[in-house]
Amino acid sequence: MRKTRLIFYTLSFLAFFLFTFLSIQFWFENYHNPFPDWYPPELPINAATQKRGEYVKEAFVHSFNGYKQYAWGHDEVRPVTGSPRNTRNGWAATIVDSLDTMILMNLTKEYKLSRELVSRIDFKKTYDLVNVFETTIRYIGGLLSAYDLTSDNLYLDKAIELAVQLLPAFDTPTGIPLQYVNLKKKTGVHSRFPGSASALAEFGSVQLEFRRLSELSGNPIFLDKAQRVIDILQSKSTELPGLYPVYMDPLNGKFTTSWVTWGGLGDSFYEYLLKHYIMVEGTLDQYLDMWLLAIDSTQKYLISTGYGFSNMTYLNQWWEGQPYYEMSHLACFAPGNFLLGGHILKNDTLIELGLNLTYTCYQSYESTDTKIGAEIFAYVDASGTRSRRWNRKQRNSYLSTGIFVTDGHYYLRPEVIESIFYAYRITGDKKYQDWGWNVFRAINKYCKTPIGFSGIRDVTSSKGGWDNIAESFWYGETLKYLYLLFNEDLLPLDRWVLNTEAHPFRIGGKKPASSRQNG
């Protein structure tokens with residue numbers, strides 16, 4: 001009896017000790033700020049355009065050095081605590097996702113180190129399931145763009161090696177891929193979404209990369225798999241013509257929800273319809289026809305102006321037969337997509353819509369205490385209808401700005417900067433460079449740490465707190481779009497198309513091309 005009691009007390013003590021240890025570790029990594037006196041110097045308001053680009057490059061180098069020191073070879077570095085983090089199979093996502101950023105910034109030293117690391121990545125080894133979409137846009141997209149920019153066969157070989165391993169996900173009765181692949185078993189694995197559905201933005205956003213793979217490898221299997229998905233979608237009749245619910249059962253091809261959005265789970269599908277048409281130099285009308293049908297329904301059903309704010313244009317969602325008046329940061333890529341389409345098609349109405357939505361997305365930054373945009377914000381339609389409840393603070397925010405925040409997180413996302421980039425490239429109006437600079441100054445003020453840059457938990461408070469996370473898109477998208485905004489000779493829009501992770505692919509052919517206007 002005494003021995004049993006001793007074992008019980010010992011196990012209880014060990015359990016208590018383990019719980020306490022893990023709680024302290026969680027608190028330290030997620031809430032504790034070990035640099036209470038860290039205040040990065042503010043950047044000048046009126047810096048010249050070239051100098052602004054240099055400041056952005058310095059931010060990349062600062063982030064890269066923190067990653068190199070604390071997490072080299074891992075997917076990410078935690079920018080507050082300096083610990084490594086693997087969220088993308090441990091294949092150095094930060095490096096692969098930012099190879100082209102280094103090339104465009106002419107960071108020779110950092111690039112050489114990174115290339116050597118990439119040469120040693122074994123894409124056959126991983127500790128977890130492989131997400132087909134994320135792997136395609138970050139890893140394969142990053143490798144293909146590095147190849148397009150350098151003609152280095154290392155990157156093409158690695159991209160093909162990895163892509164072949166994703167093909168089992170497409171082995172379904174419909175051809176709609178599953179979300180994951182188990183590399184060891186060489187089988188697809190269902191998603192963790194409701195009903196094990198596949199998501200529109202995932203299965204509908206591998207087409208650029210898979211086309212480029214087939215072009216460069218000579219193997220049609222990649223494009224065949226991706227094209228089948230588009231053919232299936234085009235055959236579907238939906239409540240809003242051209243706009244598709246975000247979840248589909250990959251086994252029977254039926255949609256499992258009514259939810260339609262240009263935000264997360266829907267976003268990059270619509271993005272790729274237009275960009276695929278551009279990539280093939282207008283030789284495939286299917287993609288343009290589908291995009292134009294989506295745009296037509298979007299203009300009819302999903303565009304709102306604000307109650308008391310006629311200068312604010314919003315992009316609604318659709319839920320159970322009616323508009324849902326809330327936008328996400330992710331949806332703020334759409335203005336840039338409308339602008340690009342309007343530019344290609346010489347459609348001033350689309351350009352105007354894109355500029356109006358870009359203004360709203362920029363105001364989502366200007367409306368907060370930190371001047372950084374929230375993950376999700378809501379509004380009141382011109383009819384006086386709103387979809388989200390609000391408290392007094394949120395109501396007052398709307399009455400003064402036309403926006404109220406419903407999720408104050410900022411994950412270092414690029415979408416607003418992306419649309420500002422397209423607004424500047426297409427109009428040439430330098431106010432958009434100023435908008436981008438204002439965004440970067442705010443990010444530098446609130447997100448910079450001694451190790452890198454961190455997301456923050458609440459943009460509505462100057463004390464919102466770092467979240468200790470810096471995903472690879474910070475290096476591959478956010479900083480790239482900022483750098484391109486201030487270096488307009490790089491990646492001209494008539495020669496390059498950027499994937500949803502901002503990786504540039506050459507328009508119209510196999511031969512890699514110069515990244516510069518006159519190259």
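A Cβ is built for glycine as well, from the same backbone N, Cα and C atoms used for every other residue.
Curation does not apply to TrEMBL; its annotations are automatic.
Going by TrEMBL, these are the annotated features:
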ACT_SITE  Glu134  active site, proton donor
ACT_SITE  Asp267  active site
ACT_SITE  Glu375  active site, proton donor
ACT_SITE  Glu415  active site
BINDING   Thr500  Ca(2+) binding site
DISULFID  Cys332-Cys361  disulfide bond
TRANSMEM  7-28  transmembrane segment
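Here Glu415 (active site) is compared against the recorded positions Glu134, Asp267, Cys332, Cys361, Thr500, and the shortest C-alpha distance is to Cys332. Counting other C-beta atoms within 10 Å of each candidate's C-beta, the recorded positions Cys361, Thr500 are led by Cys361. Closest in space to Glu375 (active site, proton donor), of the recorded positions given as Glu134, Asp267, Cys361, is Cys361, taking the CA atom of each residue.
Sequence-distant neighbours of Glu134 (active site, proton donor): residues of the same chain at least 6 apart with a C-beta under 8 Å from its C-beta are Arg88. The 10 Å shell around the Cβ of Asp267 (active site) contains 25 further Cβ atoms across the protein chains shown. Taking each Cβ in turn and tallying the other Cβ atoms within 10 Å, the top scorer among the active-site residues Glu375, Glu415 is Glu415. Asp267 (active site) sits 9 Å from Cys332 (disulfide bond), counting Cα to Cα. The two recorded residues, Thr500 (Ca(2+) binding site) and Cys332 (disulfide bond), show a Cα separation of 13 Å.
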